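Undergrad: According to TrEMBL, the record shows the following:
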- B:33-53: transmembrane segment (TRANSMEM)
- B:97-116: transmembrane segment (TRANSMEM)
- B:123-145: transmembrane segment (TRANSMEM)
- B:157-181: transmembrane segment (TRANSMEM)
- B:158-352: domain 'ABC transmembrane type-1' (DOMAIN)
- B:193-221: transmembrane segment (TRANSMEM)
- B:271-292: transmembrane segment (TRANSMEM)
- B:304-321: transmembrane segment (TRANSMEM)
- B:333-351: transmembrane segment (TRANSMEM)
Amino acid sequence: MSEKTTTNTSFLNDAGNRAMLFQAVLLIAVVAVGYYLFHNLQANLENQGISTGFAFLNEPAGFPILIHLIEYTEANSYGRAFLVALINTILISLMGIILATVIGVVMGLARLSQNWLVARLATVYIETLRNIPLLLQMFFWYFAVLATLPHPRDSIIFGDFFLNKRGIYSPEPIAQDGFGVVIFGFLACVMAAIALVVWAKKRQKQTGVWFPAYWTSLAIIIVGTVVFYFLAGSPVEFDAPTKSRFNVTGGMVLVPEFVAVLVALSTYTGAFIAEIVRAGILSVNWGQTEASRSLGLPDGLTQRLIVLPQALRVIIPPLTSQYLNLAKNSSLGAAIAYPELVAVVMGTTLNQTGQAIETIGLCMLVYGSLSLSISVFMNWYNKKMSLIER
Amino acid sequence: MAIEFKPSPSLPPPSNAVGPVAWVRKNFFSSPLNIFLTFFSFYILYLLIPPALEWAVFDATWEGTSKAACTAGGACWAFIRVRFDQFMYGLYPATEYWRVNVAAILLVVLVGMFAIKAINKLLLSIAIIVVYPIIAYFLFAGGVLGLEVVETSLWGGLFLTMLLGIIGIVASFPLGIILALGRQSKMPVAKSVCVIFIETIRAVPLITILFMASVMIPLFLPDGMNFNKLLRVLIGITLFSAAYMAEVIRGGLQAIPKGQYEAADAMGLTYWQSMILVILPQALKLVIPGIVNTFIGLFKDTTLVYIVGMFDFLGIIQMANHDANWLGTTTEGYAFAGFVYWAICFGMSRYSMAVERKLDTGHKRN
């Protein structure tokens, strides 16, 4: 600017100066409060004789963990226990996300159904589960449903499956020699299917001839894997659970803690996802469906090629936040002793070692990065799905 | 003689195109899939409704003093009746229940006074937000005017749940507005403080915040200075929902066209004047559903205080379930709790829809 703007305002009345001043005060206040808290923390830790740092992670934990996908005994360290708990959290979150999505899509579509009764039933489901606290639902599944199942000696039996207070017992598949061949075969089929899809797309772009690539590739993967399975000589054996007089042994068991958390998380989040799916589908203009029909597309293709891609654009952002909520809500499993992060680290480890800052910090860090990775993935997917405007 | 053209009256539509028969056909039997779904739904209803009714109504026991009285095989509602006071007030001394009741009635009366047109709304709001909490606090805690002191650790039941919910809602709303405005601010320091706060809180579950409030805060305070656990938990809940509230309000702020901001500036309004008089009234109206959803979420989240050892409504029911006199009444307890939570949350969502319709002035972008 060639000419300096004349200021007849006082220093404090200038908006820029005031902003600077305000920010300086804010910064000083934040730093001062931070320093004060940190100072108190140090003094308190010294008074109480708590040593800081993560050295405790190497000490033996000395407590058992009900569910561990990796090797774990009481003699293992706190670090190992942390890892086990982290895997449990990720396990329940991933399974919950998959199940909740299925429930949500089914219920969302059901609420839009032409069938009056189906739509009403879906509405009742959604409005009931959405408005009851998740913790209450978890308690209900755990204490009122699963805990009232019969004792092991009176297990409910469906073939090789047993249902009792201790959980759901099912045959456990055990890989024998030659299972590698099946895995290899499966991967080969997947590659072949991908190649087929790529070829079909390319041909359609060049010649316009359409090929049912998705169904064919699905058939290739399933049939191919089955063929490889028998070629390798059925290398999977099932270890069926057996019922003795008072107990059920062997096989695979889903413990009630896991089932309760999974059912509660997925039905609860599913109700929210159902509303998102419904809103997404309703957001696609009816004219799009009519236009698609007038082009001669059958109903299935109309849904898959016209409605769904447009609905997904509306669905994905809120869906992401539901996935994030589910991952964070898995921490409620601590209340019914599902050994996830909060229960193991902020519960048992904190009680035994007194390392409040470290354990809570660790948990916050893990949840922070879990949230971040889910949102990075969903943002990538959203970008892929979003409208490319020219 | 001219021949007059007389159209014959139109025929009524065929009987299978209108009326109840057509409705049933269209809704229940329009296609094979639909027919299957209809029968499937009726089958599900048949599986659910009769046993549920039998359990909850026909075979239920309403009177009695222990589980032994419930012999009919159905629900044992006597459990709820006997424990009702405890579910409402927690461990609050029974002789002092009237204090909670008085505070509750006072609140209902004060809020109800908004309906009277002749009353100054501003004064009434101040009475509710500033004066009422002081009165309520002394009523609950006692220690003045000869009222017996009641420790906050004895507060519980639905009373505690409502307390946490209402204070959380009232406190997190203005805090959320400030955080949202801070995030939209052009001042880099203010903006980054708000962004870091919001994103950190939103990344972690409420339990970690509550654990922080109950375990970590005492470590950050100077020796000897400590404050009540209820207050710490309240702060935790408020900060948590303020972060979510801020994001909802930010959505509203972003939806306001730039012209509104410029027009407010052109009128010579200061920042706060333009926000309070021009921007916020429009922005908040746009995001009423989101705000109420956050309130509902907060209300449901108050159940988590049970995990850090407070006996709110759910907590006190969970505790009563372990009573040796009433073993096996868990389902009744949860059904009662579920119904109360459901009624409150569903009511809030319906109320928000009504408010939305009332305030709708057609500015919404559709």
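A Cβ is built for glycine as well, from the same backbone N, Cα and C atoms used for every other residue.
Set these features in their place in the structure for me.
TA: Within its own chain, the transmembrane segment (B:97-116) has Cβ neighbours under 8 Å at 85, 89, 124, 127-128, 132, 135-136, 139-140, 142, 147, 150, 159, 162, counting only residues six or more beyond its boundaries.
Listed by sequence, the residues of this chain that lie at least six past the ends of the transmembrane segment (B:123-145) yet keep a Cβ under 8 A from its Cβ atoms are 96, 99-100, 102-103, 106-107, 110-111, 113-114, 152, 155, 163, 167, 170.
With a cut-off of 8 Å between Cβ atoms, the residues of this chain six or more beyond the transmembrane segment (B:157-181) that come close are 86-90, 92, 100, 104, 129, 133, 140, 194, 197-198, 233-234, 237-239, 241-250, 253, 275, 280, 291, 294-295, 298-299, 302-303, 305, 310-314, 316, 340.
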Undergrad: Relative to the transmembrane segment (B:271-292), which of B:193-221, B:304-321, B:333-351 accounts for the most Cβ pairs at distances under 8 Å?
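TA: Highest pair count goes to B:333-351.
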Undergrad: Which bits of the chain, at least 6 residues beyond where the transmembrane segment (B:333-351) starts or stops, bring a Cβ under 8 A of a Cβ in it?
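TA: Sequence-distant neighbours of the transmembrane segment (B:333-351): 56, 75, 79-80, 87, 158, 292-293, 295-296, 299-300, 303, 313-314, 317-318, 320-321.
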Undergrad: Excluding the flanking five residues on each side, which residues at least 6 beyond the ends of the transmembrane segment (B:304-321) place their CB within less than 8 Å of a CB in that stretch?
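TA: Distal contacts: 79, 83, 86-87, 90-91, 156-158, 160-161, 164, 206-207, 210-211, 213-214, 229-230, 233, 237, 329-330, 333-334, 336-337, 340-341.
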Undergrad: Any residues 6+ beyond the ends of the transmembrane segment (B:193-221) with a Cβ under 8 Å from its own?
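TA: Here the qualifying positions are 179, 182-183, 185, 227, 229, 232-233, 235-237, 239-240, 242-244, 246-247, 301, 304-305, 307-309.
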